[in-house]
Amino acid sequence: MGGCAGSQRRLSDSEGEETDPAPRPPLQDRQGAHWKNAVGFWLLGLCNNFSYVVMLSAAHDILSHQRAPGNQSHVDPDPTPTPHNSSSRFDCNSVSTAAVLLADILPTLIIKLLAPLGLHLLPYSPRVLTSGICAAGSFILVAFSHSVGTSLCGVVLASISSGLGEVTFLSLTSFYPRAVISWWSSGTGGAGLLGALSYLGLTQAGLSPQHTLLSMLGIPALMLASYFLLLTSPGSQDLGGEEEAEIAAQQPLINSQATELKPGSSSHLSLRERWTVFKGLLHYIVPLVLVYFAEYFINQGLFELLFFRNTFLSHAQQYRWYQMLYQAGVFASRSSLRCCHIRHTWALALLQCLNLAFLLADVWLSFLPSIYLVFVIILYEGLLGGAAYVNTFHNIALETSDEHREFAMATACISDTLGISLSGLLALPLHDFLCRLS
């Protein structure tokens, strides 16, 4: 009603009649829509990656069936925990945490491989609903799991949710001002920090892993509310008429035709055009693949092996702290685009590979004297990874044409997933090799 009244007031003014001495400036409506979309995309980034991060933070517990101290509530009702290799200096689980990584990333990889072939052309609302349902299902399934296999099925649901959501929301940014990419990236970084920190904090406080996971069921509901109730109609960004833009800017997606919005430009691209766009993205895709390969090889291949016996933290607690510090670095750098714009992302890839080489050497030779030095390195690792992500997508948004941008976003988001998948495949045999050797 406010938008319609504003339109009538402006019409009267154009005819020389003053009906309102202080009409609301259209700029306020545009600013209101801007902040709605900014907060909406931040929350979507947060909610989309939350279950994925929590599953990685819980990886050690999933594989070792550990209970939180002072709490006998179970994740797995089997009273006998999976045995560790107590003779190993690494205190190895029988299965590497890379197994959880693979369950958490391979479904995402499949979804992202299908995206450029047409998955991104499906209506947005069904994809968002599916993503939310899968996220909720992952928490429930892992919480009530009776075996590692069932838990990994729950992790797969989290992966489907995260992968489908990332393709969907990154494609959706092409209908909004480029600034929303920064907010989305910051939200995904916030998911890492809040997801890892909440799992660490709740289990440290004595809550069982089961109850910790169940307490997070509000996150999928928040994602659906952010999409359907908070984002304004994408049409408000392009409409030529000020009146129509003002009206659309006040309408949430659930009340607009955007709930069934399909891309208009990408659907008409030929295979030749798509291949040309893909080749043009390779100078951004390859460095991002390398960054994520190196950092997730560290996270799921080396974190469990960077074990310090003479500290007040147990092995499981050390692993959770590593995850939390990594995610803190990611959050800081994914939120830094307004302060620092990096064009040459290959430099970040080189630094991350050096990080991997250094920590791999420490796992082999054990020359670092303190866990606190590892904490600093892991925080730095997260800073590199987050900076590579946000700058890659920002650069792509700046350099691609309007008709190619949606396809480019959906295609480039395969980079991090491909790097993570390769790291998981190599981390599994490395874990077995080092644990047998020690």
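Residue numbering: from 1, along the chain as shown.
Each Cβ is built from the backbone N, Cα and C atoms, and glycine gets one as well.
Curation plays no part in TrEMBL annotations; they are all automatic predictions.
These numbers come from a predicted model, not from an experiment.
As annotated by TrEMBL, region 'Disordered' applies to 1-31 (among others).
If you look up TrEMBL, you'll see 39-59 (among others) marked as transmembrane segment.
TrEMBL lists 67-90 (among others) with the feature region 'Disordered'.
The transmembrane segment feature in TrEMBL is assigned to 98-122 (among others).
Annotation comment: TrEMBL describes 134-160 (among others) as transmembrane segment.
Panel annotation: around the transmembrane segment (180-200), residues 37-39, 41-54, 56-58, 169-170, 173, 212, 216, 320-321, 323-324, 326-328, 330-335, 337-338, 382, 386, 389-390, 393-394, 397 of the same chain, lying at least six beyond its termini, place a Cβ under 8 Å from a Cβ of the stretch. For 180-200 (among others), the entry in TrEMBL reads transmembrane segment.
Per TrEMBL, the feature transmembrane segment maps to 212-230 (among others). Non-local neighbours of the transmembrane segment (212-230) in the same chain are 36, 39-40, 43-44, 46-48, 50-51, 54, 58, 68, 125, 128-129, 131-133, 135-136, 139-140, 142-143, 161, 165, 198-199, 202-203, 252-254, 259; each lies 6+ residues outside the stretch with a CB under 8 Å from one of its CB atoms.
According to TrEMBL, the transmembrane segment annotation covers 281-298 (among others).
The annotation transmembrane segment is assigned in TrEMBL to 346-365 (among others).
Note on the transmembrane segment (371-390): residues 181-182, 185-186, 188-189, 192, 287-288, 291-292, 295, 298, 306, 308, 311, 313, 318, 321-322, 325-334, 336-337, 340, 342, 345, 348-349, 351-352, 355, 358-359, 362, 416 of its chain, located 6 or more positions outside it, place their CB under 8 angstroms from a CB of the stretch. Here TrEMBL flags 371-390 (among others) as transmembrane segment.
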Cβ under 8 Å to the transmembrane segment (98-122), counting only same-chain residues 6 or more beyond its ends: which ones? 52, 55-56, 58-59, 62-63, 152, 155-156, 158-160, 162-164, 166-168, 171, 262-263, 266-267, 274, 278, 296, 299-301, 406-407, 410-411, 413-414, 417-418, 420-421, 423-425, 427-428, 431
